Every structure is written in C-alpha cells, then in structure tokens.
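*Asks:* For reference, TrEMBL lists these features for the protein:
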type     : residues : note
SIGNAL   : 1-21     : signal peptide
TRANSMEM : 159-185  : transmembrane segment
TRANSMEM : 192-213  : transmembrane segment
TRANSMEM : 225-241  : transmembrane segment
TRANSMEM : 360-382  : transmembrane segment
TRANSMEM : 394-414  : transmembrane segment
TRANSMEM : 426-447  : transmembrane segment
Amino acid sequence: MITMLMLTMPMTMTIIMASYGTDISSFQEYVDDSLKIAIFKHAIIAENTTEDAIAAEIKERFEDELPHVLQGETAQLGSSSAKLLNYIPVDLFELVPDKMASNTVIKLSVLEAGEYVIFANHFLSEWEGSMRFMMDVHGDAVIPDASSQCHSTLSSSTVWGLSILGAMIGAVMSLSGVLIVAPVIRMKEVWVLKYLNFFAAGVLLSFVLVHLIPEAGNLTGRVDWKVSTTVLAGFFAGLLIEHSIHLFFTPQVTEQATIGVASGNLAERGELVLVDHHGEATKVSEKENAQEIVAWGRIGNILIGDFFHNFFDGVSTAIAFKYCGTGLGWIVVGASVAHELPQELSDFVVLYNSGLSIKWALISNLMSSLSAVLGSIVILAATESIEHNINHDMGLCLGFGGGLLLYIGTGLVMDIVKVSDVRSAMICWLSFILGAVALGLTALNHIHCECFGDESSHEGHNH
C-alpha cells in the first residue's frame, strides 16, 4: 500500500513515531519495523504526470535498500541524486523506530520551506500516538493539506443525505433520557434521581476530561495555553451565568424579614408572604417557580455546552462521509452514538433535576442535539478555505463548551459531601464512578476520518 499526502513544510520538521504496546517493558511494539518515505517538491510535478504513475515507481524504489534514519537523527532533503520518472528530484528514506523507546523522534530538514509531497508505505496516522506525527520546531502540528486517505466516490447528494441522516441518528439519542428516567419519575421513585444526579456528574466530568479537552487539543494541534484558556473561560462563563441569574432574577430577602400571613386580599386567598421590619408584605413565589428561576443558570450552561459538542459531532460525521466513504462514515456515527447514550442521559437528568418538566427537558435536550445537523450542513456547504481553517476554531469552541460542562459537573459532584448516611454515600460513589467509566470507555476507540487534520484515531492505531 502506497499513500500520499501534500503539506507545507517548514525548514525543519519533527516526526514522532509512537509505539502502540501498553506493556511497560524494555521492548516496544510498533506498527512495522520501519516506515519508508519519498519526499519531493510539489511545484516540480508536470501537469500531465499522474499520481498513479508516481506511486507505481515509488513502490518499486521502496524495494531497494534505502538510507536508514534512526532515533535522534536528521534526514537532510536535497542530498540525493535520485529522480522519479527521470525528472522529479526525490529523497527516499527508511525511518527505523527505536524499539527500546515508546516514541521515536526523527527530524526532517529541507533547504527551502514550501509545498512538498510525501509518499509512504503506511498511513502516517498508524504511527501516531497521543502527539501529532508531524510537528514544527515550536511543537505545533504540521497538518497535511491533502491526503490519499481522504477519498470518497460518493455523489454529492448521497454525501448530503447520509451526513444528515447520521447526524439525526446521533440527535435522536437525546430521547434516551426520557425512555430511562421518565418511568422512574412516573412511579414516584424520586429518591432514584438523587443517585442519577451523581451518575450524571461522573459522565460530565469524564466527558470533558477524557473526550472534549483531548478532542480540542487534537483539532488545534496540541493542548496549549489557547485551549486551556478557552476551557477556563467556559468555566468562568458558567459561573457568571448562574450567579447573574441569582443576582437579578431571584427574589431578595432581607435579614429582618419574617414569614407570615398577610391581611387583606392576600390573606383571603391564603397566600404566604414575607413581612419586612416596616410591616410591608411581599408575596412569596411558589416553590416550583423559585426552583426554576434558580436553576436557569445550570440549564443554560448544559444546553450551550451540549450545543458545541453536538455541532462538532455533525462536522465529524459529514467529513467522514464526504472524504472517507460509507464504511468509515457509519463507524463514526456508531462511535458518536456510543458516547451520546450516557452523555444525553446525564443531560436529561440534570435538566429535570434543575426544575424542567419531563416534556421541556426532552424538548430542550433534543433542540441542542439538533446542532449536529447544523454542523453537517455548515461543513458540507463550506468553501475549501473554510474547511482548511475550521479545525482550530472548532477546537477552541469545544474547549469553551467543555469548560461550561466542567462547571456543571463539579457543581453536581460537590453534593456528595452532604450525604451523611454510609449506605447512601456508597451508592452515590458507585453511581458517580459508573457514570465516569461508562463515558470513559466510549473514548477508547473514538474514530474520525483523517482529513485536513482530523486524525483517524485519538488513542491507538488503525491496524
């Protein structure tokens, strides 16, 4: 198998080849014994030269003995006299991983920065671990402009249809909450909701720390100060939203106020009032209304954070069908459904416990989930320039949404310290751990199509 990608190379580029073995020993397992690459400048290729013709000759060259480049060494481009098709100057190397190390770091140095074409005997994503395969001297990811892995034979109408269908399937997972929780509510088993709240906290915290923040780092190239700042901004925004609602929309009670029964019309209707030290009576809102006012901050935060996440899921689904075909497209949809089930269940529990009725918790959750369809439409309708720049912006948006959900999760989990009964505390802890593990397991093989920076696997490789 010969693969191709085009990229804009800096003067010096670092290649990081990652092992995939989890055994902590002196011997590390890599995808192959070596990675063979051929590199040449894109501008040199004549218009009548096809990719297939170049790939066929490179495949033959890969059968020959190539210069080895080992751990810590630098491959200098421009030093070879080899030519492809008798006119394209090319450098060929065999990158050999260090099996005594979990990562092998090799540098590529060019005489002139610019657009280059790389052919290899593996998809480069197969060698990628927690860090990008290609990085510049500043540690920023070098993202390919095009890749032979990004290829689909589907017609435009088919891509649109499958992308929107896949996004809709993910959005329908928002119904899982009402299917599971509603029967419990109707049976008046309200005590169960307390434990579901801690399950939701575990799901949200695991979702942010295991899925959203690494996803944001993958899109921007690394988890740097920009991603960290947007996460912190999202957390502060959640705090600001909830505090502002408490300040401006919650009835104020003075220290001198007492609870009593008013005279006059209010007393005739049996209304409960607050009486201040001047004897002025103020009607007390019904308990349900007061709870709803207090909870709007939490409700808004959960819906905004969920909006950003589902929007990105829609983008990922459309990218998979557009560039990688139906096979990987449906795999991406399946992976999305797997993590949506526990996450949407936790969202529904939080919305209901925050004061919404079953009906409005369902409608609100469904509306935020439909942002997945919006994400698919935006990326399919986007111009090529937007496509190539959307990763960084989406990464920062995910970081912000993750910060909002992190605020919700930390607020929910703090209620566990209020549980004084040992038996109840054990059930609360078990619910929290179950939620965290349930979501965490869905991130082990989270798949994306590798196109303009969306690597196909975040953990492990595509063997």
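Here the Cβ of each residue, glycine as well, is placed from N, Cα and C on the backbone.
I would like each feature placed in context: is it buried or exposed, what are its neighbours, and how far apart are things?
*Replies:* Outside the transmembrane segment (192-213), and at least 6 residues removed from its termini, the chain residues within Cβ reach (under 8 Å) are 181, 184-185, 223, 227, 231, 309, 339, 342-343, 345-347, 349-350, 352-353, 398-399, 401-403, 405-406, 408-410, 412-413, 415-416, 427-429, 431-440, 442-443, 446.
The list of residues near the transmembrane segment (225-241) in space but at least 6 beyond its ends in sequence, with Cβ under 8 angstroms from a Cβ of it, reads 213, 216-217, 297, 300-301, 305, 395-397, 399-408.
Long-range contacts of the transmembrane segment (360-382) within its own chain (CB-CB distance under 8 A, at least 6 residues past either end) are made by residues 159-160, 163-164, 166-168, 170-175, 177-178, 299, 303, 306-308, 310-315, 317-319, 322, 336, 340, 344, 347-348, 351-352, 390.
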